[in-house]
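Below are the features I grabbed from TrEMBL:
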BINDING   Gly9, Pro10, Thr11, Ala12, Ala13, Gly14, Lys15, Thr16  ATP binding site
BINDING   Thr11, Ala12, Ala13, Gly14, Lys15, Thr16  substrate binding site
REGION    34-37  region 'Interaction with substrate tRNA'
SITE      Thr100  site 'Interaction with substrate tRNA'
SITE      Arg123  site 'Interaction with substrate tRNA'
Amino acid sequence: MKPLIIITGPTAAGKTDLSVRLARAIGGEIISADSMQVYRHMDIGSAKITEEEKKGVPHYLIDVLNPDEEFNVAVFQKMAKDAVNTIYSHGNIPIVTGGTGFYIQALLYDIDFTDNGEDSSIREELELLGNEKGGEYLHELLQKLDPDAAGEIHPNNRKRVIRAIEFFRQTGEKISEHNRREREKASPYDFLYYTVNMDRETLYQRIDRRVDLMMEQGLVEEVKRLKKMGCTRNMVSMQGLGYKEILDYLQGDCTLEEAVYILKRDTRHFAKRQITWFKRERDVRDLYLPEFDYDLEQVLKKIVLDTNEIIGLEND
């Protein structure tokens, strides 16, 4: 019996608060499935949970890397599996919370990220091609080889674009088909998978309020500090929402007003993509907050009842 609870959904939906309440109610510990909160010194732009908000609940995969270190799905999977085993050793239930859907999927279905005899010559050739012709050119190349993968991978994520092309050239198989097969595997966990959601207008208002709060809390100063530390736009960490927009402002590429407008717009677009992703996932239970009158205590009661049923299976 390996119970695992997932609390996910679009950005600004209220996952953090709900997951802490749940952990306190059932004896859980929390694993962050967020591609930005893993970084130290990046607190405001990532809407990182504070010590006060944790309310004594142990959290994993927060503040574990420096901004110049790379974090990707394979690194997340290894760290998260280690955290799950640590939590089981405490006799507690792991609660995975965050909005990075591919990360959650990688943990839930134990997707195989083993390199197929990594061919550095192919990778070097593609990296040189990218330097010469740009990331968009590489993405167009991937679009011809594997349209599904191109649809899932952002053109700016050059490393994943190169990996997908390299995989095709090594194996003759589309990486999207490989990943689809991996996703169809049975999960090694007895899991409950929840998405927190609400009507689009309310969600977008919450996103706008969150961005305004980030500005009030000092997002510009945070990005200035990161710049002084030597952080640049080509680092994976600095390509996150909130950081790239303010960096553009600091470099004189736009006004602050324009940067805030772009950040709100792009965060709304990101939330829309998250919702689409989670709708495609298997065995997802929707927590549509208007049906609970936005009362998190009512939401919590439902999850606790479901959890007791799963844990009860262990005792049958």
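Backbone N, Cα and C define each Cβ position, glycine as well.
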Using the Cβ centroid of Gly9, Pro10, Thr11, Ala12, Ala13, Gly14, Lys15, Thr16 as the reference point for the ATP site, which residues of the same chain not in that list have Cβ within 8 Å?
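Neighbours found: Gly99, Val196.
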For the region 'Interaction with substrate tRNA' (34-37), what's the model's average pLDDT?
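Over the region 'Interaction with substrate tRNA' (34-37), the predicted model scores a mean pLDDT of 95.
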Please report the Cα separation of Pro10 (ATP binding site) and Arg123 (site 'Interaction with substrate tRNA') in Å, rounded to an integer.
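Cα to Cα, Pro10 (ATP binding site) and Arg123 (site 'Interaction with substrate tRNA') are separated by 34 Å.
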Out of Gly9, Pro10, Gly14, which of the binding-site residues has the smallest number of neighbouring Cβ atoms within 10 Å?
Gly14
For Thr100 (site 'Interaction with substrate tRNA'), which of these recorded positions sit within 10 Å, Cα to Cα: Gly9, Ala12, Gly14, Arg123?
Gly9
Can you tell me the three-state DSSP label for Gly9 (ATP binding site)?
coil
In the structure shown, with every protein chain counted, which of the recorded positions Thr11, Thr16, Thr100 has the densest set of Cβ atoms within 10 angstroms of its Cβ?
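Within the set of recorded positions, the most crowded position is Thr16.
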Work out, from DSSP, the number of helix, strand and coil residues along the region 'Interaction with substrate tRNA' (34-37).
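Going by DSSP assignments, the region 'Interaction with substrate tRNA' (34-37) contains 0 helix, 0 strand, 4 coil.
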Take the C-alpha atoms of Gly14 (ATP binding site) and Arg123 (site 'Interaction with substrate tRNA') and report the distance between them in angstrom, rounded.
40
Let me know the most crowded of the recorded positions, choosing from Lys15, Arg123 and counting other Cβ atoms within 10 Å.
Lys15
Which residues, in sequence order, are found in the same chain with Cβ within 8 Å of the centroid defined by the Cβ atoms of Thr11, Ala12, Ala13, Gly14, Lys15, Thr16 at the substrate site, excluding those residues themselves?
Gly9, Pro10, Asp17, Gly99, Val196, Arg206
Whole-number Å distance between the CA of Gly9 (ATP binding site) and the CA of Arg123 (site 'Interaction with substrate tRNA')?
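Cα of Gly9 (ATP binding site) to Cα of Arg123 (site 'Interaction with substrate tRNA') measures 34 Å after rounding.
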Taking the Cβ of Ala12 (ATP binding site) as reference, which residues of that chain separated by at least 6 in sequence fall under 8 Å from it?
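Set apart from Ala12 (ATP binding site) by at least 6 residues yet with Cβ under 8 Å, we have Ala47, Leu203, Arg206, Ile207, Arg209, Arg210, Thr267, Ala271.
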If you draw a 10 Å sphere on the Cβ of Ala13 (ATP binding site), how many other Cβ atoms land inside?
25
